Amino acid sequence: MPDQDICSYINEPRLVARKFLARPQYEGVGAVVRRSIGRFELKYFDPLIVLDEFSVTAPAGFPDHPHRGFETVTYMLQGAITHEDFEGHKGTIEAGDLQWMTAGRGIVHSEMPAAQGTQKGLQLWINLASKHKMIGPRYQEMLSKDIAETMIDGIKVRVIAGEALGIKSPIYTRTPTMYLDFTLKPGAHLQQIIPKSWNAFVYILEGEGVFGNQKSQPVTSHHILLLGSGDGLEAWNKSSKVLRFILVGGEPLGESVVQFGPFVMNTQEEIDQTIDDFENYTNGFEKARHWRSESAISLDY
């Protein structure tokens, strides 16, 4: 089958600089994640802190836990997760839905299975600049039907953040970010522009694809590919099956990073202060003193 091209005028295609296989590990309470960013080989990929492909079956999940200093982006692939926090925000994220949560100065929340069987999805942590780390928490949520989507010449894209194939996402990215969910039919060839100064990666969800150079060896699911310098990505599906992957990029912050579990700040002093704030229910964590999620309370009975 001949290549089907989407031309985005890429002058300098980004090649694959590094490749890792994300292996399963346990996280939360009994949940299984494949962590590709935030692991020992790749602690940080400015401004991206963590990428998890998670798989959760009740009673496993992510019970009450805090965050400060960054944003979490939850994109469901299968099943549903119920989210609730100490501000009274509660809802269910179903397959194809998106939740873009700015933790800012502090949030305590839970993320637990909301359906039978196995729930699967992706969670990306995006760092905030020092001037934004202590802003108030906020949410941007989109149902699957409202996510910008188009299909051209065997390429389907869902635009979580940024722009692709002529369509844009309404999501506001305080740290400039692109997040694209691509599906390529056999024979399809993609060219996608990426700002030259940004860091970017590909994470393969299904099938196998060729990235950066069409003479490269195909790469299979659960691999993360860190892209080198250039102005865009080229990808080919030379197999007989569908290829699905996400392309994520972000503008580097160029700031120091100190992380202690779910807290991401710029200095050790700020981490020490965050721990003190959380333990003493102050400076953004006041509501944590008397709050427990409904899922946590139900486990007591």
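Cβ coordinates are placed from backbone N, Cα and C, and glycine is handled just like the others.
Small disclaimer: the values here were computed from a predicted structure and weren't measured.
Noted in TrEMBL for the protein shown:
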type: BINDING; residues: His65, His67, His109, Glu111; note: Fe cation binding site
type: DOMAIN; residues: 35-126; note: domain 'Pirin N-terminal'
type: DOMAIN; residues: 179-283; note: domain 'Pirin C-terminal'
Per-residue Cβ crowding (10 Å cut-off), top of binding-site residues His65, His109: His109
Among His67, Glu111, which are binding-site residues, the residue with the most C-beta atoms within 10 angstroms of its C-beta: Glu111
Residues close to Fe cation site centre defined by His65, His67, His109, Glu111, Cβ within 8 Å: Phe62, Asp64, Pro66, Thr72, Asp85, Ile107, Val108, Ser110, Pro262
